[in-house]
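Asker: Please find one structure pasted underneath; my questions will follow.
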Amino acid sequence: MYIKYFNKTHSILEGSYPAYLTVFYLQVILIFTVLFYYLLNVYIDIRTGQFVTNTQKIHHAIYLPCVLGHLMCLAQKLLLIMDFSAGYNLHNDVFYTISLLRALFCFPGFYCLSAFVAERWFATYFLMDYERNQRKWLVFVILWIIYSIAFISAINFHEATSTIPHACVFILLSGLAYLGNHINFLVNRNYYYQSNRTDGGGYSLAQRFQISENIRFSFFFNQLALSIEFFQISGPICLLIDNLDISRSWMNLNTVIFDTICLVYALVTPFVIYHHNPKYRAELERIIAKIRRIDVRRNKNQIRPMDSMEESFNSLRLQDTFGKKITFNTSEMTNTYFEELDKSWS
């Protein structure tokens, strides 16, 4: 098996190649968009120091190989467009090498959810001091496991006669990641309720902070998983279709669909991740403001001089640990303040 084989000769004979050629040009444009978006994200991350936490390190360690995998896809498309045999000849060594490298680089992307959940489980296990000691070796262990699985899968993928086991592993690990995240949420929610007891439940301030971080990550993970669920399932399904006894025309269509899914996946996943990053959004706004030469207010909750106290408090949009909106009422807050003040004086 290969990632992914397009039968150019059959497409020319049936007259569909001109249409596919247009799609190839669009995919090339999309690949360059992915590359530009990656460079923009890395630039902003460097500017805002987004290489600190273990989650951020895992994100970048998986993000870069995926981009390299799309460079291999670009090579495949250019070879096809320029009519080099290395772009469609199964017996060509260059074709095999590009396909293998693409699999090696892209397969970790199918395991990214599992890597994130594993890191959060370690954060829960080392709750005592994880906030100040994140144990850098955890990143090495998680990435070593992910890349080992990806390397073995890529090698075996090109030697096996069936892609069913590989696609099933992709789907299974994604499902286990969803389940693991939910269980981790339940565990941390229990810790959270214990820490909110009048005696503090025996948890230190650092532990309570880490509990809240784990809970917030669970909600973020759910949003990320829902956003990329289609790609996490449809990609392996395309690999499963390769095992069906279908015509070469349908195989070609399946190949083009798979490539397009992977490219859109490379745009959607980082977009969702960075959309929930306040530092990233603030820096992106600064860049856009610099380009447009206009002033962009970075924070929608910023208190302006012309705001009254009532307007200022009511404009705040805060959320608690579980993502529920916290509303402010100036009158009630003022009354509560003076009531507590009277009690302290009496």
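Here the Cβ of each residue, glycine as well, is placed from N, Cα and C on the backbone.
Keep in mind it's a predicted model, so treat the numbers as computed, not measured.
Reproduced below are the annotations present in TrEMBL:
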| type | residues | note |
| --- | --- | --- |
| TRANSMEM | 20-40 | transmembrane segment |
| TRANSMEM | 61-82 | transmembrane segment |
| TRANSMEM | 94-117 | transmembrane segment |
| TRANSMEM | 137-158 | transmembrane segment |
| TRANSMEM | 164-187 | transmembrane segment |
| TRANSMEM | 217-235 | transmembrane segment |
| TRANSMEM | 255-274 | transmembrane segment |
Asker: For the transmembrane segment (164-187) against the transmembrane segment (255-274), do we get 3 or more Cβ-Cβ pairs below 8 Å once near-sequence pairs (under 6 apart) are dropped?
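Answerer: Per Cβ check, the transmembrane segment (164-187) does not touch the transmembrane segment (255-274).
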Asker: By Cβ distance under 8 Å, which residues at least 6 away from the ends of the transmembrane segment (137-158) in the same chain are close to it?
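Answerer: Non-local partners: 1-3, 54, 57-58, 61-62, 96, 99-100, 103-104, 107-108, 111, 114-115, 118-119, 122, 166, 169.
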Asker: Given a Cβ distance threshold of under 8 angstroms, which distant residues of the chain, six or more beyond its ends, lie next to the transmembrane segment (61-82)?
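Answerer: Apart from its flanks, the transmembrane segment (61-82) reaches 6, 8, 21, 24-25, 27-28, 31, 34-35, 38, 41, 88, 94-95, 98-99, 101-106, 108-109, 111-112, 115, 139, 143, 146, 259, 262-263, 266, 270.
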